[in-house]
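Dumping the structure here so I can ask a few things about it.
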Amino acid sequence: MASTEAKSDQDRLAVAPHAKRMRTEAGDHEQLLAQGAEGRVVVTELLGRRVVCKYRFPKAYRHAELDARLNAKRLSQEVRLMLRARQLGIRTPLIYHVDARAHAIYMELLDAAHGWMPVKALLVLFERDALALKSQQRDADQRVGDDSETRSDVDEIGTQLGSLAAVLHAGGIIHGDLTTSNVMVRRRDPTRASGGQSAGQDFEFAMIDFGLSHVCTKQGDEERAVDLYVLERAIESAHNKLAARLGRALMEAYASAWPREDAQRGARVLRRLEDVRMRGRKRDMIG
Amino acid sequence: MGTERQSALRPTPKEPQRIALGIEGSANKIGVGIVKEDGSILANVRKTFVPPLGSGFLPKETAQHHQQHAVGLIRQALEEARLSPRDLSVVCYTKGPGMGAPLRSAAVAARTFALLYELPLVGVNHCIGHIEMGRLVTGAENPVVLYVSGGNTQVISYSDQCYRIFGETIDIAVGNCLDRFARVVKLSNDPSPGYNIEQAAKMGSRFVELPYVVKGMDVSFTGLLSSVEREVVKMNKGTTDFSREDLCFSMQETIFAMLVEVTERAMAHCGERDVLVVGGVGCNLRLQQMMDMMVAQRGGRAFCTDERFCIDNGAMIAWAGLLEFMHTGATPFKETWCTQRFRTDQVHVSWRQ
Ligand SMILES: Nc1ncnc2c1ncn2[C@@H]1O[C@H](COP(=O)(O)OP(=O)(O)OP(=O)(O)O)[C@@H](O)[C@H]1O
Ligand SMILES: [Mg+2]
């Protein structure tokens, strides 16, 4: 499995000449993290440090002119908006180097070895745990009680996602691809986070994948609402069992995390979200 | 439950295979198909209502068209299959989504036929019909589905007995966008606006920059449509070098790239390698080619069908209805109505694990 995988990777690298160069520079250290939608994300080495390199290779299916335009635009958007998000206090990977010609960004590795994973992966674990818990309880012939552990974790994830979105939106940024694959999370070190930690501080988050991000227009309610709609549906389709619970926590947190002077704004976006959802439901008119 | 399901799929030699007749009429086509339990297609006939140049199809005229042809098509399908109504096990019809009046015409035909020959009825979700037909014809087992037609644009993936919608249009459907464009540039509706755009695009070469709007796994087409309409105005005034063919070309390149991109996003998001393209726009060869190139870069496969199955037809309703009939049973007569709104993810997919 691993070897055929590696071989076909090698083949596909033929479309990204810079990647070959990287491979020789980095020797055998390069390791594929994800074949995302547009780009490939690999762990490689830069100045003796393990880093992530995300590069977009030309898409054979896309008209060359369109493809070049999109790749260049998304690279610069990604870099600019990652910095802007940081200025809002949202954690994103640090950017070390940008190779515009190769459409490549070298950035900080949010290392799995240090507990980082996409929120999506964590939620999948929760779903599995919840199932296991239920069947355990059934086996023990107990009443399904308050499986509080998993449940409060799910609530916290929802709440934190909601406030992240609110901070981003209040700062004028539309993420453009808000999904649970594009937010990274790790559990805080329990030895350090003991005792004094208040509830809602068990996890830390980082946002990634700003390729479709942009600064929103002055009005911007519609854009923000669509951003939330994308997130909501990503959750519904990928984490069906937790969706209701996550969604509730998320929307509540979103409304309350807007800065005080803009408090109306959050509620307005949520009302707009209602409209966007309605359009969605009405859409299926003609087979 | 599990064993019941098995025996339903494997008939004993004494039991003859079940056969379904399906009637589709949710948009401007009325189709009748006959399908056997082993998946063989015994008949699949259809008639298309083609509106005059410059206009779209209206509910009332379309419904009249369907009413006119329903009986003839049922008769023709039975003849082709060499069957009499008594050989059928079930009658299936499109419950929705679609346009009200045409849907009702087909549903009334189905109910009448079923009552006449004392056959059970199954109401079928149109989108599920497309998906199941696509899986049957291509053999794709668990693909990400791109469903693109006049009224729908969805990226779908199956899990836990549900076809979940990962991405969709946030305004108009892709086919609707193409049809409206065809009207503006006065391309004929015969055989379909999309087909004529595809032919014209082959003669275009210069690329006009048009809005490319992808939001997560969703797409949006209204900005693109108004932008290309402005180009048409310029073209008619003679203030641009771009021809109608160039516009068709650029329109296709841009729209299809958006569709392929969101399909790829869904594949990355749910870790699937294969794609199935269904719906009327899915028979566009340029779209199929682009999809092939995308999956080739990912090491997967693209499954497409031709116009017999991509475009609305009766066999797809018969097949999806037969699956439901075998695993869930018939739709109670009281519930054999139809509805304009019926989302893909509302259906309990009892026939898959
Ligand atoms: N800095 C990082 N550290 C650790 N893992 C990362 C990092 N960046 C990306 N990843 C992993 O790679 C996956 C894909 O990355 P990313 O979302 O940036 O690419 P993509 O989805 O291909 O981008 P796009 O949506 O623009 O095509 C992420 O979901 C995550 O699992
Ligand atoms: Mg991503």
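Cβ coordinates come from backbone N, Cα and C, glycine included.
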Report the candidate from B:Y117, B:Y147 that shares the divalent metal cation site with B:H126, B:H130, B:D312, as recorded in TrEMBL.
B:Y147
Determine which of B:N125, B:N236, B:N284 appears in TrEMBL for the same substrate site as B:Y147, B:V148, B:S149, B:G150, B:G151, B:D179, B:G194, B:E198.
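Site partner of B:Y147, B:V148, B:S149, B:G150, B:G151, B:D179, B:G194, B:E198 for substrate, according to TrEMBL: B:N284.
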What is the Cβ neighbour count of B:N284 (substrate binding site) at a 10 Å cut-off, with all protein chains included?
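Its Cβ has 24 other Cβ atoms within 10 Å.
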So among the binding-site residues B:H130, B:S149, B:G194, who's got the most Cβ atoms within 10 Å?
B:H130
Counting across all protein chains present, how many other Cβ atoms fall within 10 Å of the Cβ of B:D312 (divalent metal cation binding site)?
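Its Cβ shell of radius 10 Å holds 27 other Cβ atoms.
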Please check each of the binding-site residues B:H126, B:H130, B:G151, B:N284 and report the ones with a CB atom less than 6 Å from an atom of ligand 2, ordered along the sequence.
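If the test is a Cβ under 6 Å from any atom of ligand 2, the answer is none.
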Largest pairwise Cα distance, Å, within the listed substrate binders B:Y147, B:V148, B:S149, B:G150, B:G151, B:D179, B:G194, B:E198, B:N284?
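About 19 Å separates the two most distant Cα atoms.
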Rounded to the nearest Å, what's the C-alpha distance separating B:H126 (divalent metal cation binding site) and B:G151 (substrate binding site)? Just drop the number here, would you?
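Computed Cα spacing between B:H126 (divalent metal cation binding site) and B:G151 (substrate binding site) is 11 Å.
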What is the number of other Cβ atoms found within 10 Å of the Cβ of B:G151 (substrate binding site)?
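Excluding its own Cβ, B:G151 (substrate binding site) sees 24 Cβ atoms within 10 Å.
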Which of the binding-site residues B:S149, B:G194, B:D312 have a Cβ lying under 8 Å from any Cβ of chain A?
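Listed binding-site residues meeting the cut-off: B:S149, B:D312.
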